[in-house]
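Listed in TrEMBL:
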DOMAIN    9-172  domain 'Hydroxymethylglutaryl-coenzyme A synthase N-terminal'
ACT_SITE  Glu91  active site, proton donor/acceptor
ACT_SITE  Cys125  active site, acyl-thioester intermediate
BINDING   Asn153, Ser207  CoA binding site
DOMAIN    174-233  domain 'Hydroxymethylglutaryl-coenzyme A synthase C-terminal'
Amino acid sequence: GPGKKQDAWPKDVGILALEVYFPAQYVDQTDMEKFNSVEAGKYTVGMGQTQTGFCSVQEGINSLCLTVVQQLTERTKLPREPVGRLEAGTETIIDKSKAVKTVLVELFQDSGNTDMEGIDTTSACYGDTSSSWDGTHYALVACGDIAVYSSGNIHRTGRAGAVAMLVGPKGPLALERGLRATHMENVYDFYKADMTSECPQLDGKLSIQRYLRALDRCYMLYRQKIQNKWEQGMGLRGQKVGTLFTRGQEYVLTS
């Protein structure tokens with residue numbers, strides 16, 4: 001495992017363990033249907049929701065992420081010293097400058113480990129998508145959000161929770177290195193421009209359209225990059241490229 005310098009990139013770097021945390025408080029969506037005077041089943045059947053979690057006044061994004069990272073390290077019995085990267089992804093802002101990551105390092109101070117790269121990433125649901133790693137340490141990724149919406153149709157989709165992931169070699173869920181696709185464009189479908197409110201401005205129809213567009217675009221770009229990689233000499237030596245499929249880190253070529 002990580003801890004000593006390796007000449008070659010470790011095999012199957014990916015997610016080794018994952019922890020999820022939800023607040024203990026929740027609203028039953030059957031009760032929410034009655035409160036909003038909508039037909040029975042609109043939320044529980046139509047949206048597949050049974051409960052919606054929310055935070056008490058004692059909880060915030062810092063405590064959510066602290067809890068989920070602490071639970072992950074305790075369950076995996078992870079020593080603090082081999083962690084060399086710590087990333088936090090959230091769009092829930094309680095401080096305009098101080099990062100959530102700086103709060104999480106408190107869990108490592110007793111071990112003396114302060115050599116951990118990483119920062120907060122804010123980009124709505126895309127936050128904390130990264131592949132940077134030095135090849136010798138574990139990485140910890142903490143993602144959390146407290147989604148609060150104003151009253152109306154969108155109000156029922158509010159929620160709160162956090163997830164922590166341990167990344168390293170020999171991962172059961174391996175991540176392919178160096179081959180990925182990204183689609184970015186400037187769209188005002190979801191944004192928080194009102195600094196006096198934690199509620200976002202949302203255009204649901206536009207958001208769905210742009211999500212599907214981004215998904216299609218990423219898939220097309222990813223396929224093109226795979227094709228280019230093969231054509232540039234990955235064993236083909238000028239052979240005609242047929243239909244290409246991927247299976248984990250293997251490439252399967254059919255004509």
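Including glycine, each Cβ sits where the backbone N, Cα and C put it.
The candidate set comprises the recorded positions Glu91, Ser207. Of these, Glu91 has the most other Cβ atoms within 10 Å. Secondary structure counts, DSSP: the domain 'Hydroxymethylglutaryl-coenzyme A synthase C-terminal' (174-233) has 28 helix, 5 strand, 27 coil.
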